[in-house]
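Take a look at the structure below.
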Amino acid sequence: MSSSASSVEGDAAGEFTEVVIVRHGETSWNASRIIQGHLDAELNDIGRQQAVAVAHRLSKEVKPVAIYSSDLKRAAETAQTIARICNVPNVVFDPALRERHIGDLQGMTLQDAATERPEAYKAFMSHKRNQQVPGGGESLDQLSERCVSFLYDIVGKHKGERVILVSHGGTIRELYRHVSPTKPLHGKIHNTSVSVILVSDATGRCIVKMCGDVSHLQETGVLENAFGGDKTSA
């Protein structure tokens, strides 16, 4: 998954906030295809290498004025690595950027979930956006509401500036769905992939500049068969 679109130039550029969206680095659970959701797995060694790689990439670009992150460890450590290498003094952690809560399926492989938790599995794989996952799981609509609301809160604070959001596969897919509703996102959202969107607080207009770029991972590589946080990435 990698694409780009036109940017805004001239006087209009100041109206937009440039939001760089980064997925967290790899965890051992990603590698084992275990559904994480709100469970708090840490980065593995490869994930830490990926975090350093994406941080060095971002350090060569325009410095962000702020970094926001999910408070789950895998995102938090990725964000802290980016902040250190990009010389940003602190990271703002917020649960609004967490992965979707996937209820009874958290901690299971998708394969086991299909046989051991068939009701929850069916709910998770459903295309109904109001379908919650049994065991306290969120619907896609609930996930979208919390992460999109947070996006616009941030955009309102940083008009004309560049910020970084560090989040999770399912959450990033929902953000992208809002930004580009007519062009659904296909394929996996890889660990530490970089997407860049422009968002206008005044008009709500959104423009995709880059989507799912992993050019910084030439040395660490991309885990093609990892679980990506949502059913599309399974």
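For all residues, glycine too, the Cβ spot is worked out from N, Cα and C.
Record features, source TrEMBL:
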- Arg23, His24, Gly25, Glu26, Thr27, Ser28, Trp29, Asn30, Arg74: substrate binding site (BINDING)
- His24: active site, tele-phosphohistidine intermediate (ACT_SITE)
- Glu99: active site, proton donor/acceptor (ACT_SITE)
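All features noted in TrEMBL, drawn onto the structure.
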{"residue": "Arg23", "record": "substrate binding site", "Cβ contacts under 8 Å, 6 or more apart": "Val166, Ser167, His168, Gly169, Ile172, Ile189, His190, Asn191, Thr192, Ser193"}
{"residue": "His24", "record": "active site, tele-phosphohistidine intermediate", "Cβ contacts under 8 Å, 6 or more apart": "Leu43, Gly47, Ala51, Ser70, Leu72, Arg74, Ala75, Glu77, Thr78, Val166, Ser167, His168, Asn191, Thr192"}
{"residue": "Gly25", "record": "substrate binding site", "Cβ contacts under 8 Å, 6 or more apart": "Leu43, Ile46, Gly47, Arg48, Gln49, Gln50, Ala51, Val54, Arg74, Glu77, Thr78, Asn191, Thr192"}
{"residue": "Thr27", "record": "substrate binding site", "Cβ contacts under 8 Å, 6 or more apart": "Gln36, Ala41, Glu42, Leu43, Asn44, Gly47, Arg74"}
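Taking the Cβ of the residue listed as 'active site, proton donor/acceptor' as centre and 10 Å as the limit, one finds 27 other Cβ atoms among all the protein chains shown. A gap of 14 Å separates the Cα atoms of Trp29 (substrate binding site) and the residue listed as 'active site, proton donor/acceptor'. Counting Cβ atoms from all protein chains shown, Trp29 (substrate binding site) has 19 others lying within 10 Å of its own Cβ. Largest Cα-Cα distance over the residues recorded as binding substrate, namely Arg23, His24, Gly25, Glu26, Thr27, Ser28, Trp29, Asn30, Arg74, equals 15 Å. The 10 Å shell around the Cβ of Arg74 (substrate binding site) contains 28 further Cβ atoms across the protein chains shown.
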